[in-house]
Amino acid sequence: MSARKVGVWDASTRQIYKRLLGYTRRFWVVAVLAILGMIVDGGGLVAFTKLLVPMIDKLFTEKDPALIFWMPIWIVMIFVVRGVGTFASSYGVAYVGRNVVQAIQRDVFAAYLRLPATFFGQEHSGHQVSRITYTSEQVASASTDAVKVMVTEGMTVIGMLYVMISTSPYLTLALFVMVPLIVLIASIVSRRYRSISRRIQGMMGSVTGTVEESVEAHREIRIYGGQDDAQERFDDVTTRTRQLNLKVASTNAQSSTAIQTVAALALAAMVYLSTRPYQIEHMSAGVFIAVLTAMGGMLPSLKRLANIQSNVQSGMAAAESLFGIIDLPAETDNGTHVVDRARGDIRFDDVGLVYARGNFAALRGVSLHCAPGTVTALVGRSGSGKSSLVSLLPRFNEPTSGSILLDGADYESIKLHSLRRQIAWVGQNVVLFDGTVAQNIAYGELSGASESEILAAAKAANALEFIERLPQGIHTPIGQGGNLLSGGQRQRLAIARAILKDAPILVLDEATSALDTESERLIQQALQRLMRDRTTLVIAHRLSTIEHADQIAVMDQGRIVERGTHAELLALNGQYAALHRMQFHQQASD
């Protein structure tokens, strides 16, 4: 699919740039000082060039005593003032630029926190991370760096043009060769920069994703000998990124070469005009050198103004991408009802769920009642709809048909934040954060818990015995994702977190799978304490763990095909009984 064609400064682009510059208004004092510094910086070079005529004609030719005394002082003063302007502009631009980048990163991250869960399944996580780490950095080029170049170099070009016109309007005619062609070149390359920049940002997301995937799967890569495959995938995305960056470099080089050629033509035209019979007799050396220096000083400024288009267009492409995320609507929350503490009466009434991606029906006409304080187990083969059903409880997904009631109230009438406060969740893939044991147990809204409450939750989760052996107890750092702990220890911290939350509804998503016998025993004990007096939905692979559930729902192809107690379903001799026999024979053979 080809990239969308845009004008260099069409209405959409101007709107994006106006919005981007809006971030600088928060730091307008520093921005104004930086712009004043840019004007002083460009004006200093212009002032020095203007001094060339009296310096050459009166200082060296006429040996003017006053000029001999004052000229060195003027030169020093010009460059001291210019130095102050350079510092003010450079530091001011850096200050504003870094603050703008941080502000946009905060806005994008805030968008990630409020977007619906379905958003994160629509693209690779590498692209989502790359927006924060790479794409956001590109906006500094358009919001501040480009402004610095445009103001400083623009001031230099205007000033040098003034020097040329005021010194010799005749020789200034040579500019008519240069300026129109440079504007044309800049317009052509700008479109190319914008197109390539979009593709580079997409490829950087692929690079980030490939690295993330390989780091997370480093054990599997080694076990299955996937080093060559991983290297090949990484080489592929980095090669394509390199090729795109080389296209940028090639465009830059072609632009510089074309501008230098045009400038050479302009200089040649100026020399030709100055050597005409009348001019060569009446023009002083100072005038010629001043005009020549002004044109020579204008050339690098024009080149930088033309080349800044690469930064501007990459920044605009980056801003367009970031604003697209920031402007996405937050997850739907039309609720008005706030629940203090729910009783936990949950009713699914003919619920259907179709995933937009792939148009896949995950649930079909599911009806299920979970009475307060009871345990409902969901069993079935992989892909039968168990996880999809429990994902509706915290509204990670929205049902496409049917309704869900909590204590008789429609789910959609309850404010989202209030609803989620009623639910604790312990999954198979435990999520822990890079912090201490205490910070992971008392996470988020639980961060105000006292140390005694944290210890009590850890004790109830059978986690206190290993926590007390850690160097700093509950204040021990556990590493990224809890990688300094075993799988069973991480699971018990997740249970302790759920115990501390003390929510009336509990979801256990295969919370004891892939654990050794001792860890499973300790975790089952902790879960029994956790499930007491709570409405609990359990997704279980091992049927032995849910034999005492108040009801068991067997799911297949998005439907509930059997429902009853353990004894009732065995007597029914259907799918549950078949699963039970299969696991019983496996355990007996083991």
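Every residue, even glycine, has its Cβ placed from backbone N, Cα and C.
The domain 'ABC transmembrane type-1' feature in TrEMBL is assigned to 32-314.
The average per-residue pLDDT of the prediction over the domain 'ABC transporter' (346-582) is 88, rounded to a whole number. Residues or ranges marked as domain 'ABC transporter' by TrEMBL: 346-582.
For the transmembrane segment (27-48), the residues of the chain that approach it from at least six positions outside its boundaries are 75, 78-79, 81-82, 84-93, 95-96, 99-100, 147-148, 151-156, 159-160, 162-163, 297, judged by C-beta separation under 8 angstroms. Positions annotated as transmembrane segment by TrEMBL: 27-48 (among others).
The annotation transmembrane segment is assigned in TrEMBL to 68-96 (among others).
Here TrEMBL flags 146-165 (among others) as transmembrane segment. Within the chain, the transmembrane segment (146-165) has long-range Cβ neighbours (under 8 A, six or more residues past its boundaries) at 34-35, 38-39, 41-43, 45-46, 49-50, 89-90, 93, 171-172, 175, 290-291, 294-295, 297-298, 301-302, 304-305, 308, 311-312, 315.
What TrEMBL records for 171-189 (among others) is transmembrane segment.
What TrEMBL lists as transmembrane segment is 280-299 (among others).
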Same-chain residues near the transmembrane segment (280-299), Cβ under 8 Å, at least 6 residues beyond its ends: 45, 49-50, 52-58, 61, 156-157, 160-161, 163-164, 167-168, 171-172, 174-175, 259-260, 263, 266-267, 270, 274
